[in-house]
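See structure below.
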């Protein structure tokens, strides 16, 4: 009887911890998306009076930075399905965690879209006159999900998302590589946020640089429910699947490039330790050879 109660308490404790972890992951994505989608809503409904394209890039970049600040030490700040999948593929994250992260990312994105819709409800209806459209001069669906530019074909858009996400993963691998030149301790959120900003200002005009399946799919589902209808899946020649599939391909591509051309060429741990010892020995020799320089440099 006593052991059964202990087992029940342990199961309840594990279940509670799992729920809290999932909630934390959802919250991180929610924060990131609220800032990002909010910046788009402000620019669109304000007709450029409250920001421009750069404002959107800054909003998403700083939103990512805040998400990493909040969840970096708790959940790893997994806000991007393509990143989570790539980390699993390269053995940096357990596969059993992938469904948890994907679910939390979709829920967080969906809730963020609902929050921005509520906050900007009056502004959206004032802007479009109550006609919720996906395309056209008064289109508002692009506040929540990405859509291709009129000139962009599906295959070019697919390549656009592959390259954008590949650049994201390649740089993220470098920023976290302790045997290369990683971001300074505590500076990771700003570094990742600047990376997202950089991708936005350089690779974002074709299709809004989703580079994240959950960033696009969750809000797109919300708009389909909230009044824009099934057109959100038909627009752009059925564009919706491109920002879902292409970032997964791009993420693996970028991570593979870094692995093959950089990470595999790092010196072995023994060689790295030897290099550090040689460098320390050289510094000691300089100290002995030029003691006067050290006295001058002393405060």
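All positions are counted from 1 along the displayed chain.
Positions of Cβ are set from backbone N, Cα and C atoms, glycine also.
If you look up TrEMBL, you'll see 12-33 (among others) marked as transmembrane segment.
Feature annotation from TrEMBL assigns transmembrane segment to 53-72 (among others).
The list of residues near the transmembrane segment (93-117) in space but at least 6 beyond its ends in sequence, with Cβ under 8 angstroms from a Cβ of it, reads 18, 21-22, 25-30, 32-34, 36-38, 41, 76, 78-81, 84-85, 87, 124, 143-144, 214-215, 217-219, 221-223, 226. Positions annotated as transmembrane segment by TrEMBL: 93-117 (among others).
What TrEMBL records for 158-177 (among others) is transmembrane segment.
If you look up TrEMBL, you'll see 189-211 (among others) marked as transmembrane segment. Listed as Cβ neighbours of the transmembrane segment (189-211) (distance under 8 Å, sequence separation of 6 or more from its ends, same chain) are residues 53-54, 56-58, 60-66, 68-69, 72, 80, 82, 142, 145-149, 152, 156-157, 160-161, 163-165, 167-168, 171-172, 175, 183, 239, 242-243, 247, 250.
TrEMBL lists 238-258 (among others) with the feature transmembrane segment.
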Within-chain partners of the transmembrane segment (238-258) [C-beta distance under 8 Å, separation at least 6 from its ends]: 80-83, 85-86, 89-90, 145-148, 154, 157-171, 173-174, 177, 207, 210-213, 215-217, 220, 232
